[in-house]
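Copied over from TrEMBL:
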BINDING   A:Cys44, A:Cys47, A:Cys63, A:Cys66  Zn(2+) binding site
DOMAIN    A:40-297  domain 'CoA carboxyltransferase N-terminal'
ZN_FING   A:44-66  zinc finger
Amino acid sequence: MFKDIFQKKRKYATIPSERAIPGERQEAVERPKREIPEGLMNKCSKCGTIQYSKELEKNLKVCPACGYHMRLNAMERIAMVLDEEGFVEHDADMVSVDPLGFPGYSSKLEQQRLKSGLKEAVITGEGTIEGLPVVVAVMSFDFFTGSMGSVVGEKITRAVEHAIEKKLPLIIFSTSGGARMQESILSLMQMAKTSAALARLDEQGGLYISVITDPTTGGVSASFASLGDIIIAEPGAVFGFAGRIVIEQTIRQKLPDDFQTAEFNLQHGQLDMVVHRKELRATLGKLLDMHSEKGGV
Amino acid sequence: MAGSLPYEAPLIEMRKKIEELVQFGQEKGIDFTEEIARLEERYHRLEEEIYTSITPAQKMHLARHQQRPTALDLIQLIFTDFTELHGDRMFGDDLAVVGGLAKLNGQTVTVLGQQRGKDTKDNIARFFGSAHPEGFRKGLRLMKQADKFGRPIITFVDTKGAYPGNTAEERGQSEAIARNLLEMAKLSVPVIVVVIGEGGSGGALAMAVGNRVLMLEHAIYSAISPNGAASILWKDASKADQAAEAMKITAKDLLEMEVIEEIIPEPRGGAHQDYDTAATAISEALVRHLDEMKGWSAEQLKQDRYEKFRKIGSVTFEAPASAVEPTKEREPAGEVEANSEAESVQVEASEQPLEAEPVKNLSGNAE
């Protein structure tokens, strides 16, 4: 009884913070951290340079000091690349279920929605780039590390099918940690599903441009992200199948710093080009234009 | 019992007792026939009990059993005239993937397998059955060859996953897997996949886009190995058994989720107990499924394969934004409430057939 009174253990009030979400350690480390005062300043997670957020926005979230391309969520990406008017989102209300009854999955989904303000890791729809119509799918690393479960697979597949139906070119902006293991085999099968849809687009002669953004790994890199007629990556974007740590454990060697970066992949023949964010919209516009003679398809 | 598994310990113990009793009887000249018969009966009952209640975690160990028949073991038993073909014509010959021509019931087929090693030396040469890009590309080359000559393709899946190394990455591991997924969807011949051991992740799937996907009774198939899932989810790879239970990796689970078409029964205790019986069961299933697809046109085969994968996945549709608002405002502290909300989503999902929705909308898209 007295022991309880004299207990040394102190009780602290806990303040919920973005970084305190369990199971999100990896992301918390990598995400650009906001310093006080909230929102006004921003610190580059690569070189540590502090700058006004407004300036950074103007610079398309590319660090002016080191050129690091910070991660964008789907809405930011759409605003940056597509024409201002006319984006129509598809399947906006499609959400995940917990098909396997996986421990903790339902509550984790809820957390991810609160944290990111998104319903799932991909937004799909139709819009224009420099006036040229295009079907787009844009992933967000913000939501569940961009992992692919049934919803991501289904939305991407529908986007591909929409491009086939409307005979429109397709652009997918990928970023993902891989398959969503809470949906186990169902998420693995999304790789086959999305790729099979792309096979149909391919046979129809449709254009598919894959844009790799940081990071694109695992089941997404080993399916639709690697199947573009043209594959573009943002500078420094990590693009590969297996994670660096797993590989280092396998080969028992330290890997070079640039391993799996866009530049590394370009050198090894896995990409068509590395394009700075400032040039991305113009590059995509040019490529769409060069394929528009046949009406995109 | 060579290479026994932990859950088989009671059987081994009892077998030992029976043998001791037999020996004791012989030495002392006492007739224990009745006792031995009774023990044998108990042994069989226990065997039945143990082997019919193998847990997912136990299956994981069984699927990885060193003496479990490999792809080459089964190929030799199921087919005749197996003629191995080598190389991807681009980089090398990855021994983690084997393939070639063979005859099944008199019909020429292309057969492919992911090949674990039989011993340490063999395992090193075959990268423990984990393929590099050249392995997947060799597989693809042989599949395209089968397509050209119009012969069915049979693949045996047995891998922990694609090789996770720098050399594999440099040569485009992602592209090699992705390319196989796309190209397999285009094949105009019947493709039958049999998961014979461990179906690990993208490395397994890269050779598993089939019209029919069959699994041996104790094989497992998942997006990530239970060990990998445990180390990511709980930062503890030793919780692999726990992950195996949660991840629904068994043939029975996958049949229920309609990811696979059929479970091929294994001899009691597992395929390693009796290769011939296992091979016969696989052979029977292959012949039957090939027969079913006999006479199908290229278009039919492609359409069938497309639909098989198209319907996999379960999603739901939320009420319009206004109805969702309260959810967004909820404090994260409401853990219990968050769960009950999630449950209601689940119920909503199970009310409608999980696959029906996407398919319906697919045809909606196809206007």
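Backbone N, Cα and C define each Cβ position, glycine as well.
Neighbour count (other Cβ atoms within 10 Å of the Cβ, all protein chains): 12 for A:Cys66 (Zn(2+) binding site). Of the listed binding-site residues, namely A:Cys47, A:Cys63, the sparsest CB environment within 10 A is found at A:Cys47.
Its Cβ taken as reference, A:Cys44 (Zn(2+) binding site) is surrounded by 21 other Cβ atoms within 10 Å in the chains shown.
Averaged across the domain 'CoA carboxyltransferase N-terminal' (A:40-297), pLDDT for the predicted model comes to 94. Within the zinc finger (A:44-66), the DSSP-based counts of helix, strand and coil residues read 6 helix, 4 strand, 13 coil. Annotated Zn(2+) site A:Cys44, A:Cys47, A:Cys63, A:Cys66; additional same-chain residues within 8 Å of its Cβ mean position, judged by their own Cβ, are A:Ser45, A:Lys46, A:Gly48, A:Thr49, A:Pro64, A:Ala65, A:Gly67, A:Tyr68.
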